[in-house]
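Written below as structure tokens is the structure these notes are about.
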Amino acid sequence: MRIVQRILLLLIISVIIDSGKAQLGDNDDNTKCPKFEFRCNNGQCIDNTMVCDGAKDCKDASEETEDICESVICPIYAFRCNYGACIDNDLTCNGISNCVDNSDEILPECVRNVTKPSNGCKNDEFKCNNRECISNIEVCDGVIHCRDNSDETAAVCRLVHCPTTNFRCSYGACIDGDRRCDGVINCADGSDEDPRICRSSWSPSVIRPTIPSLETSNSCRIPSQPQNGHWKLHSSQCPGDENCDVPVGTTDLGLGSRLVYSCNSGYKISSGLTDVSCIFGGQWLNIPICEEIRCPALNEPSIRAECSYDEEFIPCGLPVLPMTRADVYCANSYHLETSLILGRKQSVRCNARGQWVPDLIRCVPDCGILPFNVRPTSIGGYLANLTEFPWHASLYQDVNGTSKSFFCGASIVQPNLLITAAHCIYNDNTKEVVNPEEIYILTGNLYREYNFDFHNQTIVKSNKVKHIYIKRSYVGVLGNYIQDIAVLEVIKPFELSAFLVPVCLGDNTNDWALFEPGQLGKVAGFGITEFNQPSQVLQALTVPLITHSECRSVSQSVNLEHFLTDDKFCAGFTNGSSVCDGDSGGGLVFKAKNLYYLRGIVSTSLGTITEGGVARCNNNLYSLFTDVSRHIEWIRDVMFRIDHNQTHILCSEHYSTRCT
């Protein structure tokens, strides 16, 4: 290791000397340092080997600055500090600041590698500079959670890897790509709404860094004071310990100068960041704006609200002023997430910080509920009643603008998410997930064709897929269809009604204990009919759960036991009443506690029949279903990450989910 360090130091020396910066310093004193020594800005002389090595050897730390170290090239076995210094790679994430800016201890992997936190925060928490603790998943997500803003800074976020579906904020944080240029600031620095990028179209791609011109300005013009606010020089550039005004007559400030912004009463910094810096090219980085403090609009589809200000009713669909009061209750087809709040209505007010207090109620969709007029079902295939499967959805693929063709079923589990089989959206030949932009969705449709003249336009709703999430380890038929499950996120959440209701998901193993062999479940789809033709009308089938031993016996008899993986179960009959081609991805539901639960996803049949040279599934054998209970934790995690705008975590290469 000493040899490595020696080589590293020699490299640093050569780069610094060659760059002509080895003697930069305070020119008020003509004293020069001996050869092979570096002159600090305060006149101190240190050995060249101490320059840009991560340690503060000059009392003013002038040898460890970006201006001095930016040209240093670190060996591949070294770690480069954010400002350019090189340290041994083994020194990162060791709990000690070996870079003067601490950039070796704020890497994402440092958070993951912590086993015995000595900073007062838990293993899964991030310590803010003010010693506050926040969840790791709240770091570099575009939203400020630390009161000192330290979770959303370039020092922390610049090395974070963003998935291709995300937008990377100027300082490094990751947000959903669809939130760029949507009129709402989602990056803490407001860079997702920068007019320079919002004027042009954008798609997720690798953004190459812009190399500054060699002829860059060494100063920034002092900006005008903001409307409804004020800025001052940072205390580090002031005679005392407090922020100060610039001297009268000053027109420019040098590179690295910092301004601290504040707003008048009733206003707040729009981006959440108060400090701006003078950067290369003579520009101030992300000058904030003081905006009027308002509480967010109460326009979520899950709630209804009545607002009043100064005893007069006002619209709730726009941001409102402090002192506004609102009565909030759940919308139709939603209910309170918790029963701790008594009554169906909640009274809240907008406080001086632009927050609704107390915290707003959370209304969740009703699930697994059928209208009272649904007739009982019979065993075997039958035409489905429109209101008997209000969670069922049909998937269509549109390739190259041709007619949309039906290919699979799916189940709605919340207004913006559906569950289907992974093999429906996975190409076994290319080993790639299909393009989500090619997938269209219909709900409430009794007829197979997408553009059918007799669709009930008041009930049938259309949508498109925004993102697809599957298990990263899914490999289709090569893996015997293990983990044959996928979550689809739609572009616009569905509006729930009596004809569009999510199916319930079990929350724990006790829910699944209610389902026993022999119990009847039901599934809908456009599968093969008794005439060996795809059904043009939605069919329904009631099937019993089969014991694992019986399922294994049948699968062995047809040499297909390898498809009976740990996350599969059997259901169906052997009399020709079975799910078949065209039913894939549909949900097998069971009734418990007067609600319908999603227990299985149609995966594959235990055999095929060849007729007229065409192979089709054997509807005289049991069918295999993906057991939802085996994947419930993954499903819940995907739902949580999407709901909390954390897809950059969900889709990272270290996570178990593959995103498209």
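Going from the start of the chain as shown, residues are counted 1 onward.
Here the Cβ of each residue, glycine as well, is placed from N, Cα and C on the backbone.
The model shown is predicted, which means the values in this text are computed figures rather than measured ones.
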Partner cysteine of Cys187 (disulphide bond, per TrEMBL) from Cys169, Cys174, Cys198:
Cys169
Do you know which of Cys69, Cys74, Cys99 TrEMBL records in a disulfide with Cys86?
Cys74
For Cys162, what is the disulfide-bonded cysteine listed in TrEMBL, choosing from Cys146, Cys174?
Cys174
Recorded disulfide counterpart of Cys146 (TrEMBL; options Cys121, Cys128, Cys133)
Cys128
Which of these, Cys58, Cys69, Cys81, Cys93, shares a disulfide with Cys40 in TrEMBL?
Cys58
Between Cys45 (disulfide bond) and Cys99 (disulfide bond), how far is it from one CA atom to the other, in Å?
20
Expressed in Å to no decimal places, the gap between the Cα atoms of Cys290 (disulfide bond) and Cys128 (disulfide bond) is 25
CB neighbours of Cys33 (disulfide bond) within 10 A?
18
Quick one: give me the count of other CB atoms within 10 A of the CB of Cys40 (disulfide bond).
21
In Å, rounded, how far does the Cα of Cys74 (disulfide bond) sit from the Cα of Cys81 (disulfide bond)?
10
To the nearest whole angstrom, state the Cα distance for the pair Cys146 (disulfide bond) and Cys86 (disulfide bond).
29
